[in-house]
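**Q** Pulled the feature table from TrEMBL, pasting it below:
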TRANSMEM  A:43-63  transmembrane segment
TRANSMEM  A:83-101  transmembrane segment
TRANSMEM  A:113-135  transmembrane segment
TRANSMEM  A:147-165  transmembrane segment
TRANSMEM  A:189-207  transmembrane segment
TRANSMEM  A:219-239  transmembrane segment
TRANSMEM  A:270-295  transmembrane segment
TRANSMEM  A:307-328  transmembrane segment
TRANSMEM  A:334-353  transmembrane segment
Amino acid sequence: MIKISDGKLGVKEFTALVFVTIAIKGTDTTPDLLIYAGMNASWVLPIFFTVFIFIPLLILFPLMKKHDQGLLELIFRLAGKKVGILICFLLFLVILSSTTVNSRSYIDIINTMYYPLTPLTLQYFLFLMVCYFIAKRGFESIGRASSVMVWYLVVSGIILLFSVWKKSHWLNLFPLAGPGIIPLLRDGAAYSSIFGEIVLLAVFLPFLRSYQDFRKASLIGFGFSAFWVAILCAFYTMVFDYPSVEYLNYPYHQLTRVASLGGLITHLDAIFLGFWVIASVLHFSIYLYMTAYIFARTLRLDAFEPLLLPLTGLILLIGLIPDNIITLNQSREFVIFSASAIVFFLPLFLWGLDRWKGRRQSEKA
Amino acid sequence: MPHDKGWRKSRAKTADNLMTEDQPFSFRLQTNADLLKEIFYYPTNLALKVRNLYIPLLDREGMVFYWEDSVDTQTIEAHIVGPLLQTKEIAMDSGDIATLLTKHVLTAASSKKISFIQEAIDELINGNTVLFTEGYAHALSISTTSFEGRTISLPTVENAVKGPKEAFIESASVNRSLIRKHVREHDLICELITVGERAPKQVSMMYLHSIADSELIEGVKKRIMDIDTDTIMNLSMLEQHLEERPYSLFPSILATERPDRAASFMYEGHIVLIMDNSPLALIVPVTFWALFQTGEDWYLRWAYGNFIRLIRLISVFVALFTPSLYIAAVTFHVEMIPPDLMLAIAATRERVPFPTLVEVLIMEVSFEILREAGIRIPSVIGPTIGILGALILGQAAVQANIVSPILVVIVAITGLSSFAIPEISFNFGIRILRFLMLFVAFFTGFFGIGLLSTFLVAYMVSLKSFGVPFLSPMAPFQPSAKDLLYRPILRDRLLRPFYASPQDQVRQKKTERKSSR
């Protein structure tokens, strides 16, 4: 039966959106960091991240439920106007810098691995242009497009795993703890902002039908994403083995290079590139939209979609600054570490404020 | 109908006869007759026919007007003129002349009393007969409409091997009757909406009251009433007036020529629009799945129905992507082609001087020309197309080293697949997008194909047809009959309720019951 749309996202769409936002991290340069930190046990790290990220989430979600507000509204409500603007602006900087750095890094991957002759500027421009067009169609469309495409992405991922199955050796995973439990735990905490988007995604609560939908979708999407990143990391180690996997810049794309289905179809990398581009475009449309949304809310603007174009231009311009992947990776690591702290402590800070305010109010009463 | 707003509005612009503005009839028979004759340019235009007669029952002169070629003269003779002349006496009954005649004299199926000149004009144009009597400032309009038209025939576009073989024709009343034959429900509603200001036409809006969303019905009705134009020739033009996005490559309204399909859409809560002079019915709102499915999917058994759906799904992808995948592979990703095939392609391409894009464009454009020519060519010389297409394009182009043989294969399979897309608008959309995809693939390979496909999906999910998302119930996900890419067995569909608004519990129960067909 035909029904008129209400313009909000449901569980399925938001789960897909969370998955596209986070799971794609297993396919960019993130595993490099994980492998550097976790050695052959890099696949354990995503699981530790999940545990660490759960602490702020467990604090944040009840707060959101209590006030029934999205993250940004919550900040303004609890921290007041001035501090609220400051925090939101900080969040905006975090999201803007990570969008810029990551998008440039994705284009670097495509340029290095597949199109060494095409000008990077042109590719970057095309890429961000499409991201802009998708973001411009609204959050509803991004969510729905993710929910349509996510199945193709998952199927292509599973096909990839099947096609490298023969070349993987599960014994490569041993010793299971890699550098040892303590270093793993330490790095798990330090790098956990790699998954920190899940906290930032809480700004989208107003776009969902209900808080229950939001919580369910976030947790399911997050769980699957962590699982997928862990599987990918395990496969990198299983196929390439530990010391050599560390020297690969883009393990996912190397993995697609070795993928083969039978004896006839031996080079599938271009096909996987197509699907990967789909996922990245969706990923950065979400980021772009989030950047514009946070910026608009910081300045208390109602219409934020006109901001998308100038922000896209800004991202393009900043993204073109780094000369090469080496300088880019340094700034990327810096962004990850600073974001880690913010993402981790923001919910704690909000919780503290809430307690303090609650106590003050009860004292008054 | 006579006194609603639209009718008044339409009258204001009718012709140059400002004197008809709100003008009532005169008591004098001759004045009325002269006025009507002037309006219809009598005697320059001989279309208006007048018959003078004496009505013995009333002991008055009378005049019968009708418009040539739009009436059934037999009916006028047997049910209007005959009874008027022959009836001399009736049982005592006092009252209005119109009532008297309707009740005791006229044997025609229906008639109504009219009082204004403009009404008389409208009635005459629509093939009704108007009767004036001396000393009476009203007239009687008697329905005698009979326009010439063809009889019901086989569908020409939406063929079905198994299933009903009747198609809509150019008469609205016949089309409505075809639908009523399929939907025998007391709550099948047919509303008439008048559109066009110079020459008002009627649009019949049909829906099932207990199933269709009331908000949707109001929305569609408003959209039709808001159309501000002089005249709408037929449904194909109404479709373009109703669209939200006239520049979009994807249609948001479905046109079907099968009454059974229109009926089954009604059972899912869609609205069907019917107009005279259109051998079609418009279905609003419409989702992507409707463009891709045919009526036959449900007439065939589960396995066969799914099989043809799968074939059509493959066709859509092949028609959209094959040429661009070929270009992307040979331009950017040569390593993905198996070595033997790659060598074969390289060997045949060796003698062709053009870049791949030019080669593909030559073939694709020729194919589109062939296709367009095939439609426009007079059927007497039709067979030449086959010779031209097959021999000159296929064989000779390869021998002349303009294109490589593998391209002929690719263009052929693409062309064939595009024929398998059932809906004509969707078909055009895919064919145009194919060219876009081609250019993108030539300049950026799989990267560009990925970008464009994602954009297309994002665009499709943001489309709405009368408020209904284009890809629902897949995105946004809603519980449904699961009749999307795959169809369940019929027994399962009966048990599974269609989705209804949660706030409207009553409808859900009704829908459930009615969903059994």
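Residue numbers in this text run from 1 along the chain shown.
Using N, Cα and C of the backbone, Cβ positions are placed for all residues, glycine too.
Automated prediction, rather than curation, is the source of TrEMBL annotations.
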**Q** How about the transmembrane segment (A:83-101) and the transmembrane segment (A:270-295): at least 3 CB pairs under 8 Å, pairs 6 or more apart in sequence, or not?
**A** yes
**Q** For the transmembrane segment (A:113-135) against the transmembrane segment (A:219-239), do we get 3 or more Cβ-Cβ pairs below 8 Å once near-sequence pairs (under 6 apart) are dropped?
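**A** No, these stretches are not in contact.
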**Q** Who are the chain neighbours of the transmembrane segment (A:147-165) in space, where the CB to CB distance is under 8 Å and they lie at least 6 residues beyond its ends?
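**A** Sequence-distant neighbours of the transmembrane segment (A:147-165): 12-13, 15-17, 19-20, 228, 231, 235, 239, 255-256, 258-261, 268, 271-272, 275, 278-279, 282.
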**Q** Taking 3+ C-beta pairs under 8 angstroms (sequence gap of 6 or more) as contact, is the transmembrane segment (A:334-353) in contact with the transmembrane segment (A:43-63)?
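**A** Touching, yes - the transmembrane segment (A:334-353) and the transmembrane segment (A:43-63) meet the threshold of 3 or more Cβ pairs under 8 Å.
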**Q** Under 8 Å between C-beta atoms and at least six residues away from its ends: which parts of the chain pack against the transmembrane segment (A:307-328)?
**A** 96, 99-101, 103-105, 107-108, 112, 121, 124-125, 128-129, 131-132, 135-136, 249, 288-289, 291-292, 295-296, 301
**Q** Please give the sequence-distant neighbours of the transmembrane segment (A:219-239): residues at least 6 beyond its ends with Cβ less than 8 Å from one of its Cβ atoms.
**A** 11, 14-19, 21-23, 25-27, 30-31, 34-35, 38, 40, 42-47, 49-50, 53, 157, 161, 164, 167-170, 172-173, 195, 198, 245, 248, 251-252, 255, 258
